[in-house]
Amino acid sequence: MIGLSWLMIAFPLVGAFVLLVFGRFTNRWGHLLGVAMSLASFAVAVLGFFELIGFGEEERRRAVHLYEFIPGMVDMGLLIDPLSISFALLITGVGSLIHIYSIGYMSHDEHRRRFFAYLNLFVAAMLLLVLADNYVGLFIGWEGVGLASYLLIGFWQFKPSAAVAAKKAFVVNRVGDFGLLVGMFVIWTTFGTLTFQGLGEQITPGTENGTMLAIGLLLLLGACGKSAQLPLQSWLLDAMEGPTPVSALIHAATMVTAGVYLVVRSGAFFFPEGSGAALAVAVVGAATLLAGAIIGCAKDDIKKGLAGSTMSQIGYMMLGAGLGPAGYAFAIGHLITHGFFKADLFLGAGSVMHGMNDEVDMRKYGGLRKFMPVTFATFFIGYLAIIGFPLLSGYFTKDGIIETAVHHQPILGWLAVLGAGITGFYMSRMVFMTFFGQKRWADDAHPHESPSVMTVPLMVLSLGALGLGAYLVLSNRLMLFLAPAVGRPEELPAFHFTSTPGLATLALVAVGAAFAWMRYGRAEVPSVQPRGSFLTTFARRDLYGDALNESLFMRPGQWLTRIAVFFDNRGIDGLVNGLAAGIGGSSGRLRRIQTGFARTYALSILIGAALLTGALLLVGNI
């Protein structure tokens with residue numbers, strides 16, 4: 001089946017093609033085709049996974065040649081190894097559940113067929129990104145998911161805010177894409193190849209010089225754009241304007257983790273343990289996990305609160321990815337478990353919105369656990385997983401990152417502990433404001449549980465949030481499985497239930513949850529957002545990220561544009577237009593001698609002949 005792994009990409013790509021090309025003809029069954037194509041891709045991924053684990057550890061790296069892309073330079077192919085197949089299972093598995101959920105969520109949307117076409121297009125592009133055996137294929141998939149994200153964020157075109165958010169995401173991501181593209185150029189000029197295998201044959205592990213550092217930083221810029229890490233994070237919260245299944249699939253479980261994949265896949269080449277580039281990755285991750293957590297504390301929009309949480313959790317993954325092989329497995333493990341519990345949380349938020357007439361303001365919720373018991377139960381499991389409640393998925397993967405960071409980069413590790421405490425606060429705040437307390441909704445709201453086509457995917461995702469982390473981390477299963485692709489640490493770490501960082505993390509999470517209970521669980525929640533402190537305003541304004549971008553880039557850019565327009569109008573155009581006007585004026589004056597009378601022409605000839613004769617005589621005398 002590994003030889004047919006291209007079918008993983010082909011199935012959803014065919015689904016998108018049929019739904020877009022055949023248009024309204026597919027309206028009645030298009031959503032079913034979209035789900036079927038995603039499930040077919042998942043089946044191929046599962047079969048490929050079982051075939052891969054049947055090989056010995058050293059043989060778990062299978063190349064599938066597709067065609068010659070640029071003759072003699074770049075061949076297009078797929079790389080099926082533990083890292084790529086792990087991503088493929090996540091993309092197709094969680095993606096299929098979100099496709100099924102979308103049948104109910106988008107049931108009343110007249111453009112549902114187009115929505116499923118875009119979802120299929122995204123799945124195909126994301127699979128190409130993680131399965132490609134070279135940076136060219138990765139970049140094609142990278143741009144493909146960017147296009148699909150743009151289409152899905154702006155899916156509700158009648159909303160001006162959605163159109164603006166889609167354009168913002170597209171433009172900000174172009175900055176990161178520029179970094180990735182330039183990094184690829186430098187790789188090609190330095191090594192003459194863009195394939196992962198070719199680079200592995202040329203680069204000695206641990207090599208660090210100026211060129212390698214530059215490549216690493218350029219790739220990191222690309223990762224920051226796609227994974228919404230500082231300083232290219234500003235687009236993610238606005239992207240919540242898209243339908244909620246989009247937020248779950250693209251902006252929580254898969255696309256925003258593409259930057260983590262890029263760093264881990266390139267880790268052995270350009271981010272060796274202890275290098276400057278690896279340290280930069282870890283610093284960006286630590287800074288973003290704190291920034292995202294702070295933003296999440298002040299959001300009343302349930303989806304934007306979860307978006308801030310996504311920033312923060314990907315920050316943990318980036319922190320782990322900057323710690324070398326010891327951190328790679330925990331980063332990928334947290335990425336996988338995060339895909340389950342964050343999709344569970346986002347789809348749970350969508351279920352709440354579905355039962356509350358699309359209301360997103362948590363101040364207008366309250367007491368919903370009685371009306372939405374299944375949604376509450378599954379959301380609560382996702383909540384326990386993300387705060388790192390003992391024995392749930394997030395407890396093993398996030399705490400693994402924290403312990404590794406404290407061991408390798410103590411300052412960054414303890415910042416991650418602080419971030420975990422803030423996570424305990426803002427996620428508890430979300431649960432208390434939504435499901436507990438007195439009802440604060442409008443009289444015309446009639447909260448109700450979602451249909452089974454929406455709640456069953458929630459149940460499946462919550463199962464992953466419950467036990468997947470323990471399975472992956474205990475006995476180092478994931479670390480040993482990923483070793484052929486990302487390397488093996490010198491010493492396999494053992495998970496310590498009573499380590500100092502682990503106990504400190506649990507203590508801070510408990511403090512954060514208790515503080516949230518006092519503020520939002522026990523006390524009455526105002527239905528109108530009160531005026532907060534400077535720090536609260538700072539968080540509500542997304543740490544003034546947009547204002548900073550306007551000051552540093554937009555306004556100087558507008559100023560430079562005005563100068564360029566002035567120079568163009570008065571300089572370039574002025575020169576051209578002035579020359580044209582001068583020639584036009586001269587021709588107008590010369591035109592006057594063209595009277596049409598023979599006597600005038602005869603006189604002109606006579607005068608010209610006289611002048612010419614005089615000139616010749618003058619020259620002869622000289």
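For all residues, glycine too, the Cβ spot is worked out from N, Cα and C.
Listed features, source TrEMBL:
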DOMAIN    74-116  domain 'NADH-Ubiquinone oxidoreductase (complex I) chain 5 N-terminal'
DOMAIN    132-423  domain 'NADH:quinone oxidoreductase/Mrp antiporter transmembrane'
TRANSMEM  6-25  transmembrane segment
TRANSMEM  32-56  transmembrane segment
TRANSMEM  115-132  transmembrane segment
TRANSMEM  138-158  transmembrane segment
TRANSMEM  178-199  transmembrane segment
TRANSMEM  249-271  transmembrane segment
TRANSMEM  277-298  transmembrane segment
TRANSMEM  371-391  transmembrane segment
TRANSMEM  411-432  transmembrane segment
TRANSMEM  453-474  transmembrane segment
TRANSMEM  494-517  transmembrane segment
TRANSMEM  601-620  transmembrane segment
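As a quick check, the transmembrane segment (249-271) and the transmembrane segment (138-158) clear the bar of 3 or more Cβ pairs under 8 A, pairs 6 or more apart, so the two touch. Per-residue pLDDT, averaged over the domain 'NADH-Ubiquinone oxidoreductase (complex I) chain 5 N-terminal' (74-116), rounds to 94. Taken residue by residue, the domain 'NADH-Ubiquinone oxidoreductase (complex I) chain 5 N-terminal' (74-116) breaks down under DSSP into 29 helix, 7 strand, 7 coil.
Residues 2, 5-6, 8, 15, 19-20, 23-24, 26-27, 30-35, 38-39, 41-42, 44-46, 48-49, 52, 60-68, 123, 126-127, 130-134, 136-137, 152, 155, 194-197, 243-245, 248-249, 253-254, 261, 264-265, 332, 335-336, 339-340, 343, 347, 350, 354, 450-451, 453-454, 456-458, 460-461, 481-486 of the same chain, all 6+ positions outside the domain 'NADH-Ubiquinone oxidoreductase (complex I) chain 5 N-terminal' (74-116), place their C-beta atoms under 8 angstroms from a C-beta of that stretch.
If one looks beyond the transmembrane segment (32-56) by at least 6 residues along the same chain, the residues whose Cβ comes under 8 Å of a Cβ in the stretch are 1-2, 4-5, 7-9, 11-12, 14-15, 18-19, 26, 62, 80-82, 85, 88-89, 92-93, 95-96, 99-100, 103, 116-117, 119-120, 123, 127, 481. Ranking 6-25, 371-391, 411-432, 453-474, 494-517 by CB pairs under 8 A with the transmembrane segment (277-298) puts 411-432 at the top. Contacts between the transmembrane segment (411-432) and the transmembrane segment (494-517): present, as 3 or more C-beta pairs lie under 8 angstroms, all at sequence separation of six or more. Tertiary neighbourhood of the transmembrane segment (371-391): same-chain residues 309, 313, 337-338, 340-342, 344-345, 348-349, 351-352, 355, 398-399, 420, 423-424, 427-428, 430-431, 434-435, 447-450, 455, 458-459, 461-462, 465-466, 469-470, 497, 505-506, 509, 512-513, selected by CB-CB distance under 8 Å and a gap of 6+ residues from either end.
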